[in-house]
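Chemist: In case it's useful when we look at the structure, here is the feature table from Swiss-Prot:
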- 90-118: motif 'Q motif' (MOTIF)
- 121-293: domain 'Helicase ATP-binding' (DOMAIN)
- Ala134, Arg135, Thr136, Gly137, Ser138, Gly139, Lys140, Thr141: ATP binding site (BINDING)
- 241-244: motif 'DEAD box' (MOTIF)
- 360-515: domain 'Helicase C-terminal' (DOMAIN)
- 639-653: compositional bias 'Basic and acidic residues' (COMPBIAS)
- 665-682: compositional bias 'Acidic residues' (COMPBIAS)
- 861-891: compositional bias 'Basic and acidic residues' (COMPBIAS)
- 903-913: compositional bias 'Basic and acidic residues' (COMPBIAS)
- 915-932: compositional bias 'Basic residues' (COMPBIAS)
Amino acid sequence: MPGRAASPAMSENEFDITNALFQNDSDSDNEAPAKQAKRQPKAAAPQQLDFLNGGGDDDDEDDEAFIAETQASANRKASNLKGRTVKKGGGFQAMGLNANLLKAITRKGFSVPTPIQRKTIPVIMEDQDVVGMARTGSGKTAAFVIPMIQKLKSHSTQVGARGLILSPSRELALQTLKVVKELGKGTDLKAVLLVGGDSLEEQFSMMAGNPDIVIATPGRFLHLKVEMNLDLSSIRYVVFDEADRLFEMGFAAQLTEILHGLPSTRQTLLFSATLPKSLVEFARAGLQEPTLVRLDTESKISPDLQNAFFSVKSGDKEGALMYILHNVIKMPTGPTEAAQRMKEENASGKSSKFSKKRKRSDDKAINFKESPTKHSTIIFAATKHHVDYLYSLLNEAGFATSYAYGSLDQTARKIQVHNFRTGISNILVVTDVAARGIDIPILANVINYDFPSQAKIFVHRVGRTARAGRTGWSYSLVRDSDAPYLLDLQLFLGRRLVLGREHGDQVNFAEDVVVGGFPRDGLSQSCEWVNKVLDDTVDIAAQRSVASKGEKLYLRTRNAASLESAKRSKEVVSSDNWTALHPLFNDETSQLEAEREKMLARIGGYRPNETIFEVNNRRSGKPENEEALTTIKRVRTTLDSKKKRAQEAKSEFVDDDVPTKSGDADADDAEDGAFSDEDEAGEGAADNMSLASESDLEVTFSSYNQPSNKKAKKEASATSFQNPEYFMSYTPNNTNMAEDRAYGVHSGTNANFAQASRDAAMDLLGDEGSRGFGEPRTMMRWDKRHKKYVSRQNDEDGSKGTRLVRGESGAKIAASFRSGRFDAWKKGKRLTRLPRVGEAETPGLGADLNHYRGGRRFKHNKEQAPKRADPLRGDYDKMKKKNEAAKERQLGKFGGAAAGGKSELKGTDDIRLARNLKQKRREKNARPSRKK
């Protein structure tokens, strides 16, 4: 009987059951009979199919059940198959990494790549330049370390570093070095750390030892590059970690100088939490056709996010914040459950006895994929002074609070963020600069205490909540001066603007921009509590004063809103619905509150028909000055008629002269003070443009350009040289400032870096001064001692009082970088030259020079002569004893033999002693001298 043909390969949606059907067939070409004999006893009884005696519907049902069971077993997860190692799809195994690196990744504890790792590692493996936007805690360090180790593989015997990682701070560089060592355990790659504060001589020895990977801060690496005249032509892999902080800390000149010395064939990676304009320009100049990698969750607002905007006065912001925390979020006061649990463990004595073991177990038990607490809230403030003030105020209210801002110490910031992520605190008060690098996977609420000046910043703030299919809330406090920015945001999001209860209960917080006020009673109680705290606590009152001064600088430097939104905001703020009760407070008591608010609004808006002079004269019953009363009535009548004519002219201008985009319905909405949805306006504009004729356009634009007064006619005649038929403006006619400042959320691809970077670019204002993010400080300052202006660059790079020299790129660098210490080090080590890039390395050169073996540094026992004793100093006796002790040890500096040496010259005493010893030896031996 001929052998049965092998079954075809399974398709994507099907599976093969022929092995179960023909498991007793020994003529199969795929398996040997011996193997089948071994597998035959393992066959399950239900898989025995009887085709002779069967039939009917029961067999069909059995077949369907069998196929379903087989399919379920094929789709079973690999974790359920005990005793088998199944390769998981979509993990690190599918990225083509070597076995040693996969073992190191598993040992590190990584099982599934994070979103930023899943997007960047395949692109980096294809040798493309990458600009990745990722926050701290999202796994970006492993995202560039894993491809680097995969590319470098092992230590190279040729001289020259091949990988360079630049970090903004010493702490981040140490953290990166730790990750490199852990992931590179299966290789012999050498990694060195070059940061400020360490000995230059030791770093000379490290660089002489031919490292493969250099992890450094820009200032110290540039110092070594200039001092040692390093050749960077061998570097293949360059990483700028947290590039926005690199530029913020003033390393732009150092980065430009370092970038100039790198080869053009390098692969450059740039990771940043945000993209300032200066960083985009740097990426365009230093990277070759880069790919922008950006997570969707960081560029779009989640559809599950619900937004609420509250109109408040400047003096009621603190009370409004307290009302939101107490009554809307219902934030609990006192220590959290995590803080109480930690306190109990510390009290029980476990922490003192098993401190290290407990710390490891707690870190493993914490699941950062889950929400720290169900009330976890981030509050965004404008400056660091606001952060300090709100932190003190919230602590006084009894909330568990953490804080962070840009100039906060790195260790303190890490502790504060760790407390928030682990649930020890419920509230985190931050600035935009400090929060751009903090990654909180799941967040419940976001509060904008100070409304952002750009729509991008709003998206960046609220993008931290409503992730992974969960719902989230954002609450924003909007003052009257913030209304233009709110309208810019409404245009940018393309959502309907709802003021108060003008649409009744038909509002959607996830799709509308809903604005309203707080209940008056609840807000007044919160404001009274805040005022009482300010009166009782002097420190908090002083912090509020400092915060108000910082707010003036912040308002002076924030971006201006669009002109159209500024005009619209006047009408919106003046409407009664601006301060109406917010639809979020929709219950029986809120209905009574709404009626009460209307009554108070009518009372507050009452304007009598008579002036105070007329009322007084009418009450007295003696019109003493009839002439004055007549004059007042005549003036009032004239003013009323002027107001009436102005309103009629305005209504005619809106109805006839101004061309609308979305037809008569939108024009009516504009008269009523409501603003239509941007999508509807876009559809109406498209319909109008498709039906409009040349004559209609000519009439429309000519009526729009007609001057309305003599001044306008004069200006029009001055610019009459512009022929509207041929004139081309340098700006498009449909320019929207809100969209130009922001980016399109629902459009755009990352294929073009110029377009993608323009969409993602965002500048943040500084949180402690008037200087904006990425803006250079004043280049000169007044030197009181020398009575002249000097460069501030000397203060920033540590070379104050010294001159500057030009580097290879033409940029000015500190002259102290060329101090000659490397030449003195080589002379002390008796080295004429070090191996150049491309030559074979000298075995053990770096280890012999600095006793650096196996990553351990051995302490030397060098002795030096003390300073000579000065009789005029107070420590003369002490130094004299030190000199006498040094002379006794016979150091060569004071004459005589060195310690442990032997003098070649013999004196009379030495000769006499030698003769006596020789005579004693003769007597001891008692042997006569030999005579020949």
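Quick reminder: no glycine exception, Cβ is built from N, Cα and C everywhere.
Can you walk me through where each of these features ends up in the structure?
Modeler: The average pLDDT the prediction assigns to the motif 'Q motif' (90-118) is 87.
Long-range Cβ proximity for Thr141 (ATP binding site), meaning a same-chain Cβ under 8 A and a gap of 6 or more residues, is found for Gln175, Thr176, Val179, Asp241.
As a summary of secondary structure, the motif 'DEAD box' (241-244) carries 2 helix, 0 strand, 2 coil according to DSSP.
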Chemist: Quick one: what's DSSP say for Thr141 (ATP binding site), helix, strand or coil?
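Modeler: Reduced to three states, the DSSP call for Thr141 (ATP binding site) is helix.
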Chemist: How do the residues of the motif 'Q motif' (90-118) split into helix, strand and coil according to DSSP?
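Modeler: Reading the DSSP string over the motif 'Q motif' (90-118) gives 18 helix, 0 strand, 11 coil.
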Chemist: For the binding-site residues listed here (Ser138, Lys140), tell me which residue's CB has the most neighbouring CB atoms inside 10 Å.
Modeler: Lys140
Chemist: What are the DSSP helix/strand/coil residue counts across the compositional bias 'Basic and acidic residues' (903-913)?
Modeler: 6 helix, 0 strand, 5 coil
Chemist: Can you tell which of Ala134, Gly139 has the least company, meaning the fewest other C-beta atoms within 10 angstroms of its C-beta, among these binding-site residues?
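Modeler: Candidates: the binding-site residues Ala134, Gly139. Fewest Cβ atoms within 10 Å: Gly139.
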